[in-house]
Amino acid sequence: MKRRTDPECTAPLKKQKRIGELARHLSSTSDDEPLSSVNHAAKASATSLSGSDSETEGKQPCSDDFKDAFKADSLVEGTSSRYSMYNSVSQRLMAKMGFREGEGLGKYSQGRKDIVETSNQKGRRGLGLTLQGFDQELNVDWRDEPEPNACEQVSWFPECTTEIPDSREMSDWMVVGKRKMVIEDETEFCGEELLHSMLKCKSVFDILDGEEMRRARTRANPYEMIRGVFFLNRAAMKMANMDFVFDRMFTNPLDSSGKPLLKESDIDLLYFADVCAGPGGFSEYVLWRKKWHAKGFGMTLKGPNDFKLEDFYSASSELFEPYYGEGGVDGDGDITRPENINAFRNFVLDNTDRKGVHFVMADGGFSVEGQENLQEILSKQLLLCQFLMALSVVRTGGHFVCKTFDLFTPFSVGLIYLLYCCFERVCLFKPITSRPANSERYVVCKGLKVGIDDVREYLFSVNIKLNQLRNTESDVNLVVPLMVIKGDHEFNDYMIRSNESYCSLQIKALAKIHAFVQDTTLSEPRQAEIRKECLQLWKIPDQARVAPSSSDPKFKFFELIKDTDINIFSYKPTLLTAKTLEKIRPVLEYRCMVSGSEQKFLLGLGKSQIYTWDGRQSDRWVKLDLKTELPRDTLLCVEIVHELKGEGKAQRKISAIHILDVLVLNGSDVREQHFNQRIQLAEKFVKAVSKPSRPDMNPIRVKEVYRLEEMEKIFVRLEMKLIKGSGGTPKLSYTGRDDRHFVPTGVYIVRTVNEPWTMGFSKSNNRKFFYNKKTQKSVYALPTESIAPFHTCYYSRLFWEWGDGFHMRDSQKPQDPDKLSKEDVLSFIQSHNPLGP
């Protein structure tokens, strides 16, 4: 026998060591790695060594033993056994235990004969649990679904050519019958086979764990990654989606000639209502898009699903006013209560000059867990009340968008028919942001017609009847006779096509989720790509949702004024005296306002975070101790005035914010605009932020501005009134447009024309003109360079101080010879007014 150190024995040992290392490498290969990629001879060598090691533990193998083992393993590897897919190590281990193909292990071959199946365990199901009914095949080919696409098509109902039904015609339309709680036989507007197939696909998920279904749905929906972007929920992105698809008809409505109905420079706001829409995603989108150029009214059910205005991170919730029907802010917001519908309607009309809103959004829904197939029936009154609310508050020519579910029952289709009669155009639309597997779709209505009051009153009576029949065996089954609906063939055909189209898409989407539940490796590869395409198309920045950070008022002030010289804000007005009276010689260039207290700068950082500053650099911004709210990034020039209402003991006092001028409105820098335009924008801004439903809040008003040549109008508003706490001595008071009065301290006089321009009046053409004193050029149109920006108006302003030395009439003995009387100023203005007395 050769020694271990002999060359003949050492070489095979080194070879064996290399093969052993290869064996250890192969034995650690996972089941997911293809064994066939490994060289067959190397596998045989490695596994033979492993087998040899197990048989000769503690012995040193020689070259002859190795050759025999290699040969044996090669024979095993080449067999045609159905177990040949297992490596030879496994086969040899089984052979050592006495395994023979077709027999079980054990003394009497009583062991298991079949291979143990791969685990089908899914999620957190109990070990071995199978869901009877779910694991069966649906026999639906979902793979031929359309390719994901960011571009969508809209199909409108044909234009309604029939007259809007009147109360006489509708007097016998409402049909009351036995309450119906089945949907399977509703085949008037959808094929029976298609309806049953859709209901079957829905029912399959009844026994599936909700979380498991949601995970599969997330992977299956190609549009799932759009989510809510930086808004508070996905609903906001649905509105963004539909607003784009319908050519911005909500956020940028057009007139009959196709021109924008509203411009940002106009004084009119875009009014909208958001009903049954907590927490408010629709409104957050609209206010993000329009900023302070829009004002929203909202009504939704009080409780956990109320508006969450504090979560409006991307928009200013100060521009939105919830009103819950009867009782106002203390109401319950139940849209099915007739009192709430009437109260909300009156509130909206009172605050939109009796015109109504430009559009209504409704997104109502509630949990129907366990009764998903009956969602349409269970939601019928909610749907009716949302339609009724739209007809109650939308102005003529306005629009409406409302979430619906399945539309199979004649009751639901009848409601759609009434909208079809009342609006110029109507369509049923499912945006790609609405998950394809649910029944959700939206009815979109464009251009409310004149003369819909009878339909509104009819729906109001139907709602009353539904309330009366609640908790009984009877129900309103029809609001429009089937004969009338089917008599309009174009409407009927569209309704059937729409239902069957959405049914088919929903069936495929449900089957796809079913497949994704069964195979957890399936996923939609283009989700990120589609998301990017959609956001670009809808002009939504791809940004994360981040809560607004709190700002230091001084830092925010410098951020808003940019590079403006800080010294401008410390300028005090020039006092109007006999010596400075000549400054107002160009009368047409000036405007004037009545003052009630000291002027301050007011900075809004959002909600009640409001600070004031008197303009001196040595002083700090001080928190305003008033109950009011302003949108963030707002900078105003104001007075805090003590307003009075009534006289004597019943007199009430309230502190109000009076706006003298505006610099920045909710991030919009308006300092370079004309003073008249700035005041108009201030009035628009105040309408947007005012809260008529909150009498507990301190009001915000814009100073009433007069032309200097019309200053005598101010004195018409002045009278002597008894002021509580003044010792019974009447004081001079100025009464504003809102019937509240305050003690005036003087008049601000503001120049609106920039040097070297001045204003004149052409008697031959009977119109004003602008004259450049340097170039001696005259023009009628307002030159841009003649507009005095805020800083010019501010440092050049004059102040006619009244105080104790002011006297209204010449008969009054002057107490201060340096102070000008009413007669002094008015006579000077009249003598220099080119328009004449």
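Cβ atoms here come from the backbone N, Cα and C positions, even for glycine.
Residues annotated as motif 'Bipartite nuclear localization signal' in Swiss-Prot: 2-18.
For SER27 (among others), the entry in Swiss-Prot reads phosphoserine.
The phosphoserine annotation in Swiss-Prot covers SER30 (among others).
What Swiss-Prot records for SER52 (among others) is phosphoserine.
According to Swiss-Prot, the compositional bias 'Basic and acidic residues' annotation covers 56-66.
Swiss-Prot lists SER90 (among others) with the feature phosphoserine. Under the DSSP three-state reduction, SER90 (phosphoserine) is assigned to helix. Around SER90 (phosphoserine), no same-chain residue at least 6 positions away in sequence has a Cβ under 8 Å from its Cβ.
Taken from Swiss-Prot, the feature substrate binding site covers LYS202, SER203, VAL204, PHE205, ASP206, ARG217, ASN373, LEU374, GLN375, ASN438, and the record attributes it to similarity to another entry. Reduced to three states, the DSSP call for LYS202 (substrate binding site) is helix.
Annotated domain 'RrmJ-type SAM-dependent 2'-O-MTase' per Swiss-Prot: 230-449, in sequence order, evidence recorded as sequence analysis.
In the three-state DSSP scheme, LYS238 (active site) is classed as helix. LYS238 (active site): 25 other CB atoms within 10 A of its CB, across all protein chains. What Swiss-Prot lists as active site is LYS238 (among others), and the listing cites similarity to another entry.
Sequence annotations record features per position, and here Swiss-Prot assigns active site to ASP363 (among others). Sequence-distant neighbours of ASP363 (active site) (same chain, 6+ apart, CB under 8 A from its CB) are ALA235, ASP274, CYS276, ALA277, GLY281, PHE282, CYS402, LYS403.
Swiss-Prot lists 726-834 with the feature region 'Interaction with POLR2A'.
Counting every protein chain shown, the number of other Cβ atoms lying within 10 Å of the Cβ of ASP206 (substrate binding site) is 14. The average pLDDT computed for the domain 'RrmJ-type SAM-dependent 2'-O-MTase' (230-449) is 97.
Annotation note: ASP363 (active site) sits in a coil segment as assigned by DSSP. The separation of LYS238 (active site) from VAL204 (substrate binding site), Cα to Cα, is 28 Å. DSSP labels the residues of the region 'Interaction with POLR2A' (726-834) in these numbers: 19 helix, 35 strand, 55 coil. Pairwise Cα distances among LYS202, SER203, VAL204, PHE205, ASP206, ARG217, ASN373, LEU374, GLN375, ASN438, which the record gives as the binders of substrate, peak at 21 Å. Within 10 Å of the C-beta atom of VAL204 (substrate binding site) sit 20 other C-beta atoms, taking all shown protein chains into account. It is 23 Å from the Cα atom of LYS202 (substrate binding site) to that of LYS238 (active site).
Over all protein chains present, the Cβ of LYS202 (substrate binding site) has 18 other Cβ atoms lying within 10 Å. Around GLN375 (substrate binding site), a 10 Å sphere centred on its CB holds 20 further CB atoms from the protein chains shown.
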